[in-house]
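Notes for the one structure printed next.
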Amino acid sequence: MHEKKIFIIRHGEAEGNDYDCPLKSEGRKKVEDMVVSLLQKEDMKESQIISSRYLRAIQTAHIFSQHLNSDFCTDSRLNEINVGNIQGNFKEEIRKRFECVNLKFEDEGGESIHQVMERTHQVMRDIMNENNKKNYILVTHRITTILLLHYFDKHFGFDQAWVLTSPDAYLVTMSDGNFKVNHIHP
């Protein structure tokens, strides 16, 4: 069986957390450095690049696409958790949702961890059902990165979410029904 690789990338440091916040100039530089470093270590050619629809993820995906001379597409299933108009301690509110996965952010449009897990895990099921030799680069966010990794390794959860850097990168290697998860940057 062919080995398939999925690179799960957290975007670079951004100006904020709204969907239209751009990368900071330092964040853009760190993404450039990460891409150069990864390309020296990993074969990422002919990878399909899929990004969240948030600007900071799109800008991160664009840097990958420039280095790989390829296009990318967006998929809203990779968007960060919708927290509505959350007030107070964001980290503590997220912790509550990890402890009770069906607890929704009560503001209109807010999501539960379970809802985000369902959409991110569907991305993984779609990729695994693809009968091709493509590798994938998924560009996403803090919580969605952790939930994508959780699909393969259940130890990924709340605590791991808060040690992610901007940018960050994991590699999931699939071969003969087996999965291996490696932290590859920084």
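Just so it is clear, glycine is given a Cβ too, placed from its N, Cα and C backbone atoms.
As recorded in TrEMBL, the features of this protein are as follows:
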type	residues	note
ACT_SITE	HIS11	active site, tele-phosphohistidine intermediate
ACT_SITE	GLU80	active site, proton donor/acceptor
BINDING	ARG10, HIS11, GLY12, GLU13, ALA14, GLU15, GLY16, ASN17, ARG56, LYS91	substrate binding site
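Mapped onto this structure are the features recorded in TrEMBL.
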| residue | record | CB count, 10 Å |
| --- | --- | --- |
| ARG10 | substrate binding site | 26 |
| HIS11 | active site, tele-phosphohistidine intermediate | 29 |
| GLY12 | substrate binding site | 28 |
| ALA14 | substrate binding site | 22 |
| GLY16 | substrate binding site | 10 |
| ARG56 | substrate binding site | 32 |
| GLU80 | active site, proton donor/acceptor | 20 |
Integer Cα-Cα distance in angstrom, the residue listed as 'active site, tele-phosphohistidine intermediate' to GLU80 (active site, proton donor/acceptor): 11
Per DSSP, three-state class assigned to ALA14 (substrate binding site): strand
DSSP three-state assignment (helix, strand or coil) for GLU80 (active site, proton donor/acceptor): coil
Distance, GLU80 (active site, proton donor/acceptor) to GLY16 (substrate binding site) (CA atoms, angstrom): 13
ARG56 (substrate binding site) to GLU80 (active site, proton donor/acceptor) - Cα separation in whole Å: 11
Cα-Cα distance maximum in Å, computed over every pair in ARG10, HIS11, GLY12, GLU13, ALA14, GLU15, GLY16, ASN17, ARG56, LYS91 that the record assigns to substrate: 20
Inter-residue Cα distance where the pair is ARG10 (substrate binding site) and the residue listed as 'active site, proton donor/acceptor', in Å: 11
